[in-house]
């Protein structure tokens, strides 16, 4: 399982760098986690991330806010963390309650602390190949492709899903690595026939077993970025397994890479803010 | 020629709004044009834009800088215009000389004055459907599709080219209108076979007559965003004309729309900065 293995390597490296950071500065890298409301799944995700921080020696500071929090109050809370020199990275767990302007909240995170890569500036940095932190799941997928020895250059990659933190940044990162990229979504006309032209498929729809085996070109590389109830991905695993050259498992594929990238980027942010190499 | 006609309508409307702006504020909308170096083609483009401003009653302020200008000096010049309340829009003519960090210069333009839609924030605004000014050529192409009565929703659009001010924002705008979007470029494997799957083709490569007629699906809508030496577009016009349902001419297609959008967005910026509807 390259997902779990690669994630382990990335996190081991992050843990080493954390020790080095503490030796050089007397401080620990610190990730602030902001959780609005009490959605149990979101609470679980935040807990997993904080546990991972603890294991790697990264400090985490939890900021729980009531579901009734306004956009202004959330932006104010984020701005406070942005101004705090002891905080190196800020994670706003999404989704936030519907009455909040999520984009405004994401964009309140300064680019240097946006270790989850969700801000507009981070998105543009991904699109234009500039310095900045990449959105963790798509960045994790790129590293997973590397771990599998898949070079996207010149290949046709089809991304199913166009969300601001997954589908769109995924397209930008694949494009930056010279793939020809198609973005599909709920309004796409004949999805199976487009998927059939893909050398690389990234499924990011959030619908269990949505992508069927018969949609795939034999020998395709299939990345399942879905994580639905009952530990089921967006790809019909058994069907797809018979046609795909590679198929990332759920769980144990993209998931661990997402957290690993968050850890790596938090430590990197700490080094950058301390002006250390 | 819908390009010329639509452009004329947009500019007539901008001229009317300019009169209204002057009546309400005693000022004119003002576009600052920044030109670095003395590339004759760039000088011509800037002159065309300034002439168009003059015809519509929009003021323009020209800031010519020597080819030796550093990134820092260019950013400083742009910042001065950003801080000047009499300037409503800022256009940095591109390309700038190679030693300049063009992205840093673009990003020095505040989002409210980025009427050419070249900044990172404007790009993210296009991608995420937020308030902001769109990159003029892709925005002009979207308006041209509207003028032709072409609805991109559910269609497969293939964009050839991935530049930060044309190919990538074009992809984002088409995606926002529910097209399935493929971005191709110089590293794309089998370009003709991908183009053949397109309902809408946008050619933005900058190579004369690069897109051949036989690449096209019969009945495709073809937008030629190229403008090469000798008034030649990126599409082999005669060949493509026999297969395409619609083919925008060069000149008279995308070009006039680009300038029209720049005028419209300059006037809109003036209204927004004055706090007027």
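Using N, Cα and C of the backbone, Cβ positions are placed for all residues, glycine too.
Because the structure is a prediction, the values reported are computed rather than measured.
Some features that TrEMBL has for this protein:
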type	residues	note
DOMAIN	B:3-116	domain 'Tetrahydrofolate dehydrogenase/cyclohydrolase catalytic'
DOMAIN	B:135-273	domain 'Tetrahydrofolate dehydrogenase/cyclohydrolase NAD(P)-binding'
BINDING	B:161, B:162, B:163	NADP(+) binding site
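As a summary of secondary structure, the domain 'Tetrahydrofolate dehydrogenase/cyclohydrolase NAD(P)-binding' (B:135-273) carries 56 helix, 24 strand, 59 coil according to DSSP. With a threshold of 8 Å between Cβ atoms, the binding-site residues B:161, B:162, B:163 that neighbour chain A are B:162. Counting only residues at least six positions away in the same chain, the Cβ atoms of B:204 sit under 8 Å from the Cβ of residue B:163 (NADP(+) binding site). The local packing around residue B:161 (NADP(+) binding site), expressed as other Cβ atoms within 10 Å of its Cβ over all shown chains, amounts to 23. Close to residue B:162 (NADP(+) binding site) in the fold, though at least 6 residues off in sequence, lie B:168, B:171, B:183, B:184, B:185, each with a CB less than 8 Å from its CB.
Helix, strand and coil counts under DSSP for the domain 'Tetrahydrofolate dehydrogenase/cyclohydrolase catalytic' (B:3-116) come to 62 helix, 18 strand, 34 coil.
Report note: the NADP(+) site is defined by B:161, B:162, B:163, and the residues of the same chain whose CB lies within 8 Å of the CB centroid of those residues, excluding them, are B:159, B:160, B:164, B:166, B:167, B:168, B:183, B:185, B:204, B:205.
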